[in-house]
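Remarks on the structure that follows.
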Amino acid sequence: YRGLTLVLTFLCYTSYHLSRKPISIVKSQLHPNCSAFGPHPRNVSNSSTWCSWAPFDQDNYKELFGALDNAFLVAYAIGMFISGIFGERLPLRYYLSGGMVLSGLFTSLFGLGYFWDIHVLWYFIVVQVCNGLVQTTGWPAVVACVGNWFGKGKRGLIMGIWNSHTSVGNILGSLIAGVWVSSAWGLSFIVPGIIIATVGIICFFFLVEYPEDVDCSPPLHHVMTTSEKDPEAVTSNEGPLSLSGQSSVDHSNSPKEPAEEPEAISFLGALRIPGVVEFSLCLLFAKLVSYTFLYWLPLYIVNVAHFGAKEAGDLSTLFDVGGILGGIFAGLVSDYTGGRATTCCVMLVVAAPMLFLYNHVGQNGIGTSIAMLVICGALVNGPYALITTAVSADLGTHESLKGNAKALSTVTAIIDGTGSIGAALGPLLAGLISPTGWNNVFYMLIAADVLACLLLARVVVKEVRGWCGYMARKRGSSVQLTESVMDG
């Protein structure tokens, strides 16, 4: 059942990200470079935007794309703070599968705008807002399910591998959307919508939320009665069937007193858990960088490297390949060292100069571009993956909670909800800044990385002091052992 839980939750959140990715691939098709296709086929005008999809055929198309991204991400950020509260109080299986079916519906509605020939901006904005709200059902639910089944032993490595669903979903979403982006971009949304709804139905039938939900006892007709095991025990007044008229079998079949359920933690109570505020604010800036790449990298490659829409989408998947490697590496290192914050901080420090290098030399040949994309993806997504998985699970089962696991979904929602504010700000700022030049967009991303690192400084100092104290105690115990041996 642990393996089944990992696989099902992996598939669930893979499909969530798979359904989010098409918008970044389709952007370049909603406003392509029409001059590459020649003059207007009907000679109506010499406009360079005749092949664009209204209303994105205007000069402010980047701002309109930013509005689309922001509609989804602001709704997602607001909904995430509420979603964790519902996730603690509703059956996770119903909550998750229902959200996935609705996500499939709204993702498909965006694509149907192509076949229904809709050119009204507000239609796409409303669909994005609704989709952003229902997609908040995913993350708190899947992290809570995995946290219920796995302890803290190798949680960083396990969740680092498991969290590759984010990058796998982005890769699959890019590849699936790329199939139809140049012919019928509506299918780039409809097919992922059908996929996430189908996985949601599978989740409804097979997901097991808690280990306690699994009945591992043998069937009742297989339990041997005491008389079958030892017939003489029936006649003994001191045996299982004594004068009291009760047996051990009777006791096992008698109804038990229901265990008292711990109350779900409040929002303010979750904020008081040590480390929640620091990691939440760090994730705000880390997710700002990650989601700016998620939504704008294909368009950046089209504009700077002059690739086609499909080729740019395929090349952008390398950033997510690096994200898989970075998440696993961050989880492995943090498990070995016990320093979640220090691992994140080191990767963020190295990420800043790598982003600068990618912007200035990343397009000097296809080999350089591939290598830089993978490295940047690993350094940017490694801390993001570690905070949203292992750190969230650690804080949701913190020792200050005294065994109350009801906080897991709420803590996860607070951390990812705060991060989602950054996810909303990143693409919005990119849309506003990119007309002034892509260099300024990358300076914004580098500044966000540095701020994310600084916000973890207090937790990093605490971890370093813990290591120093451990080494001092270890040296002290070695000295005591040497002295006792010499005295002996």
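Each Cβ is built from the backbone N, Cα and C atoms, and glycine gets one as well.
Nobody curates TrEMBL annotations by hand; they come from automatic prediction.
Taken straight from TrEMBL:
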DOMAIN    1-465  domain 'Major facilitator superfamily (MFS) profile'
TRANSMEM  64-87  transmembrane segment
TRANSMEM  94-116  transmembrane segment
TRANSMEM  122-150  transmembrane segment
TRANSMEM  162-181  transmembrane segment
TRANSMEM  187-208  transmembrane segment
REGION    227-259  region 'Disordered'
COMPBIAS  234-252  compositional bias 'Polar residues'
TRANSMEM  276-297  transmembrane segment
TRANSMEM  341-358  transmembrane segment
TRANSMEM  370-395  transmembrane segment
TRANSMEM  407-429  transmembrane segment
TRANSMEM  441-461  transmembrane segment
*Can you say which of 122-150, 276-297, 441-461 has the most Cβ pairs under 8 Å with the transmembrane segment (341-358)?*
441-461
_Long-range environment of the transmembrane segment (407-429) - Cβ separation under 8 angstroms, sequence gap at least 6_ = 66, 69-70, 73-74, 76-77, 80-85, 87-88, 92, 136, 139-141, 143-144, 147-148, 264-265, 267, 269-271, 273, 276, 279-281, 283-292, 294-296, 384, 387-388, 391-393, 395-398, 401, 441, 444-445, 448
_Within-chain partners of the transmembrane segment (441-461) [C-beta distance under 8 Å, separation at least 6 from its ends]_ = 275, 278-279, 281-286, 288-289, 292, 296, 300, 339, 341-342, 344-345, 348-349, 351-352, 355-356, 358-359, 380, 383, 422, 426, 429-430, 433-434
*Range from 94-116, 122-150, 276-297 with the greatest count of C-beta pairs under 8 A to the transmembrane segment (187-208)*: 94-116
*Residues of the same chain, at least six outside the transmembrane segment (276-297), with any C-beta under 8 angstroms of its C-beta?*
20-21, 23-24, 27, 69, 73, 170, 270, 316, 319, 323, 341, 344, 348, 351, 355, 376-377, 380-381, 383-384, 387-388, 391-392, 395, 411, 414-416, 418-427, 429-431, 434, 441, 445, 448-449, 451-453, 455-456, 458-459
*Overall pLDDT for the domain 'Major facilitator superfamily (MFS) profile' (1-465), taken as the rounded mean*: 80
